[in-house]
Amino acid sequence: MDSWHLWPRTELLLIISTLIACSVSSQAQYESLQSSYSQRDLSLKPYEWTYLRVELPLWFSSVTMSFLSNTNIGQKEMQGLSNSEMPILCLKDGNPIIPDLSDAYLNSLLMSFRINGSVFEGVNNSSHLEQCVPFQSNLTVVLTKEQISPGGWYIGYFNRLGPERTQSKMISRGKSYKVTTNIYIFGCSVPTSLGPGCNRTMYALSCMQSFTNGSLQAGSTSIICSNSNESPCLNQGESSRLYYIDITTIPSQFNISLETRSSSGGSLIAYVRYDVVPVGDAYDYSLTIGGSPLTVDFPRVGRWYIIVQASNFTGLNSTICFSLEWQVISCGNGKTGIDCSWDALALERIPKRNPSIPFGSYYLPKDGPTDSTTFPLVNLLSNYTDNQESYTFFFLDIPAGAAGSIIRIQIRSIGQDNFELYSKFGGLPSNDTWDYYATSKNNSGNPVLLSSNGTTVAGTGGSLEMYMLYAREGTWCIALRHPSVKVIKSRPLMSVSLVGCYKGCNGNGTCKYSVDESGLTFYSYCACDRDHGAFDCSDELVSPKGHVRQSIFLIGSNAAAILPAYWAIRQKAFAEWILYTSSGISSALYHACDVGTWCILSFRVLQFLDFWLSFMAVVSTFIYMATIDESSKRAIHAGVFILTAILAATGATRTSNIGIVIAIGSLGLLIGWLLEFNQARRLVNWSQTINFQFHLLNRWEDVRSMLLDLLEAFKKRFRWEFLVLGFVFLAFAGTSWKLESNRVYWIWHSLWHITIYTSSFFFLCSTRANRGDYELSPDHDSSTRGTGDT
């Protein structure tokens, strides 16, 4: 009977599973999952950040990114938060993003979400895709080949931003967040297909081998790509056709011409776009039928797309056939430029082979001497004409995995010659088309942030220094605009290097390295000192006077330990005296090291001693309030030593520690009171105690009398005015601990020192010595004996 009822359900499940499998199999013929990545429960403490690199292959069709977090910040929540307080998620192509380079840059990254709540919507220009959104509880982003380009993409996770992000902190308290990330990359089974259902086809233009063209400048070569191997015609059924070519060497120019072979009515227009399929109004260039050819100077290497669209058909059966030709012109023999007149030199990377500096290296001209990190420019500069200015081009490669490094370019000259630097990724720069630009005409000598991409430049006289933060991997071209060799007044030197941090963190921090969550990219960052912050440690967050003031407060406030130590030695409580004295001294030494004054031991050891002895001082105060025999006290102290040591070693700065320590101290006090109460009542044996307790519960009068005796014992045991003051200062201490934050740490932690030691002093003063005054009344004693005789 049971199996008969289960059979139809089993058959139904089998049929459903078969249909799903068939559906997936059918879909696999078009768009299918090519690769995936999962990062579960990525935890970010306050001011922590990390990156994740996602590699999109050339043949991908779409990517789905899913983010789950334990918070949700919408447009309304953003109104009550500053940019520096929000946990944010950023997406950028090519290299890791530094969202807090400036307030204006961060505002621009969040502008889209702040205005309309969009999450990476309307993305149509891969070369400028830099967006950030606050953490969402459930965020899914789907981007297609018509929106973003293949290559390396970086997701940045940040819990709080601003100059304090890199500042060395005495305390880091605040909310921690967790993020789960899932990345799914889809592609078509046929590499030349694309679109959500892989229903579009792109065609590769057939290219002829390079040859020297007499109509071109001497030394130049060209590659002709066309659709000559087909006879494409467009009509109302197929109104567009997509082509692509792959440019593998840096060209100086390309020309595109579009001509009609035959037409029965209609017009043609073509849209050209670099690295991303053109769609709608998202394109880089356009050309029309019958117009002049499209000429693009200094294009980038990589894949270029062109879509030819027909419109304005005069009839249902109208067709228009066309021919497309794409000419790519490049130079050889160490020359480049439109007319192949400027000198071009390839720079060779020389690793420094320092294991502590990943990818640290410098660049020198190939086949040149390698005994110096600099090279003279005079013999390398272009001298094509007698004009006052010329260009010289340098090519260098950033290795894979080094997108978190910095390109540093220096030109040193003792004269007043003017130099200009233009740099561009994957293409020749000029004064019209460049990614980064710097000039020695800036005579301030101070670096100036020129763009959101992180270009800094400092120039004095004829010297020049330029940094490109987190330069993307691949080929970079640097164009040096300089005076003619004949008029240069000095012998300038040039150096190009791959370094870790901008200007060595300006001497206000340490350059450190980390690896992104995928393990594919190293990135450098500055760990600034107590007084400085920002990505390069250039912002002074604490003035010298403020530093002295904070040091005095944090170190001097430990003098409050004299109060409980004095009372302990006066009462001949030598163990407590040693503990309070050691706690005050270790705390003063720890904060002296913490603020950079003097370190007698390593910072980690001093931090452990400070927190451990502070925890022990709090707990020992509670234990002292129950004056029990030394053997019991030693047993309780042994257990407390272990528990507080674990707390100090595993997470000394946790906010919850103060509550845990007070709970441990209260438990020790309770155990001590129970032991003391047990001695005061002179219980004969455990059997009498159990019988007494069972009978006492049935006698309300005995219970009431016992409670009154306990209350009377407590009254005699403590000086209540001091006890109340002890709890008041303990509450102040807990409040100070809770209110500690990075900016006001020195105030509240100094008050913590004062209030916690003062509360211990009052607790010690409130405790009277146990003189055996707390015995039971005769009635209770006889009751106990009577119970035992029953």
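Backbone N, Cα and C define each Cβ position, glycine as well.
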Practice problem: Choose the correct range: of 293-310, 635-652, which one does TrEMBL annotate as transmembrane segment? Give that range. | Solution: 635-652
Self-check item: Surrounding residues of the transmembrane segment (720-739) on its own chain - C-beta under 8 Å, 6+ positions past either end
Solution: 655, 658-659, 662, 748-749, 751-752, 755-756, 758-760, 762-763, 765-766
Quiz prompt | Chain residues outside the transmembrane segment (635-652) and at least six past its termini with a C-beta under 8 angstroms from it | solution = 575, 607-608, 610-612, 615-616, 619-620, 623, 660-661, 664, 668, 671-672
